[in-house]
Amino acid sequence: MRQSHQLPLVGLLLFSFIPSQLCEICEVSEENYIRLKPLLNTMIQSNYNRGTRAVNVVLSLKLVGIQIQTLMQKMIQQIKYNVKSRLSDVSSGELALIILALGVCRNAEENLIYDYHLIDKLENKFQAEIENMEAHNGTPLTNYYQLSLDVLALCLFNGNYSTAEVVNHFTPENKNYYFGSQFSVDTGAMAVLALTCVKKSLINGQVKADEGSLKNISIYTKSLVEKILSEKKENGLIGNTFSTGEAMQALFVSSDYYNENDWNCQQTLNTVLTEISQGAFSNPNAAAQVLPALMGKTFLDINKDSSCVSASGNFNISADEPITVAPPDSQSYISVNYSVRINETYFTNVTVLNGSVFLSVMEKAQKMNDTMFGFTMEERSWGPYITCIQGLCANDNDRTYWELLSGGKPLSQGAGSYVVRNGENLEVRWSKY
């Protein structure tokens, strides 16, 4: 459990495993801030009907110092509703995000964390994740991305957690870092951020642990960084377009674990800016996830005791005037092929508005034939998550889920963000990871 004892003297040998944690950061120059406007358009103009969808955006904007008063007030009210009315339904990672968003810096909303005992509740949810792992062959209630968020929030906000449990469960070869045989870059990146925070707490004497914990955490971090860099593409993206922002954060805080020529940060930055100009980040959560890294920020910059900064003026954004987005000239329709594959394949052709997302196709197919294409979903901070189709439901303990594909290839975007194209072959497949 978390204690305020000093770290015992462990000798010079142990300190050879402690990097200096000097960050290697590249960020968008002020004269190029205009190239970030599409991200802000997406975040500002989106419809936030559910508080969990607003959390990522609040966290991102506050972290980089963009204060758009009317929008912030609306989203904070939705987060307050979640805190007051449906906290028991919120997953551990979503609660961690709420805490991070409310406590980015010193502000009035920070009091909600303590008024509603959110740290205590996160400790309980985190422990439930650990207990589920012990009972179900290492599988958490949610996933390792959320588990890493839990550790990060507890670490940053002085919550109780067991360093021994972190060391035990965050080994780099753990199956939960993978989907099948594919390493999950964003999961690994969030684990690096969490482990870096824990390590700093150990070094500063905020947490008591045995001599081996600090050494193991450094070894784990180095291995995860190597895995992240192994997913670097020729154009500089890491994993895929949408995992690159969090990978950048992880590499910012772990520069002592790789050589300078292992990663060209400026190339990655330039490629992401090109992706932005081509409309890749049309989902507010995707836009929110990439913005902090582009501004040279990481989640380790969250500090509930520091003053909030303001960068709104640098973007020429009025606090009460939203950025406008030009409406499409006219509405047109496209046709796509849609199928559900379990033991057999159920197929239909669906017509939707041009610019529709995968979820719209599923909803249209459901209206056409609820028996074959009926589904349920949950609204999560990362967007809609497909839970059941034909009554067959995803199960974390069994590591089963509904996989989205196009042309037989898995998609890197979710049902609520992937924009479909005319004539595309879309599939939802019952899968195991």
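Glycine residues also receive a Cβ, built from the backbone N, Cα and C atoms like all the rest.
For reference, TrEMBL has these:
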- 142-146, D186, N240, Q289, 385-386, 402-404, L411, Y433: cyanocob(III)alamin binding site (BINDING)
- C26-C265: disulfide bond (DISULFID)
- C105-C308: disulfide bond (DISULFID)
- C155-C197: disulfide bond (DISULFID)
- C388-C393: disulfide bond (DISULFID)
- 355-432: domain 'Transcobalamin-like C-terminal' (DOMAIN)
- 1-23: signal peptide (SIGNAL)
Listed disulfide-bonded residues (C26, C105, C155, C265), ranked by Cβ neighbours within 10 Å, top entry: C155
Of Q146, N240 (the binding-site residues), the residue whose Cβ has the fewest other Cβ atoms within 10 Å: N240
Distance from C26 (disulfide bond) back to Q146 (cyanocob(III)alamin binding site), taken between C-alpha atoms, in Å: 27
Spatially closest candidate among C197, C308, C388, C393, the listed disulfide-bonded residues, to Y144 (cyanocob(III)alamin binding site) (Cα to Cα): C197
Lowest local Cβ density (other Cβ within 10 Å) among binding-site residues: Y144, Y385: Y385
Cα distance (Å, whole number) from T142 (cyanocob(III)alamin binding site) to C265 (disulfide bond): 32
Cβ-Cβ distance under 8 Å to C308 (disulfide bond), same chain, at least six residues away: K62, G65, Q67, V104, C105, R106, N107
CB within-chain contacts under 8 A for W402 (cyanocob(III)alamin binding site), separation at least 6: I386, T387, I389, A394, V428, R429, W430, S431
Distant-in-sequence Cβ neighbours of C197 (disulfide bond), under 8 Å, six or more positions away: V151, L152, C155, L156, L300
Reported mean pLDDT - the domain 'Transcobalamin-like C-terminal' (355-432): 89
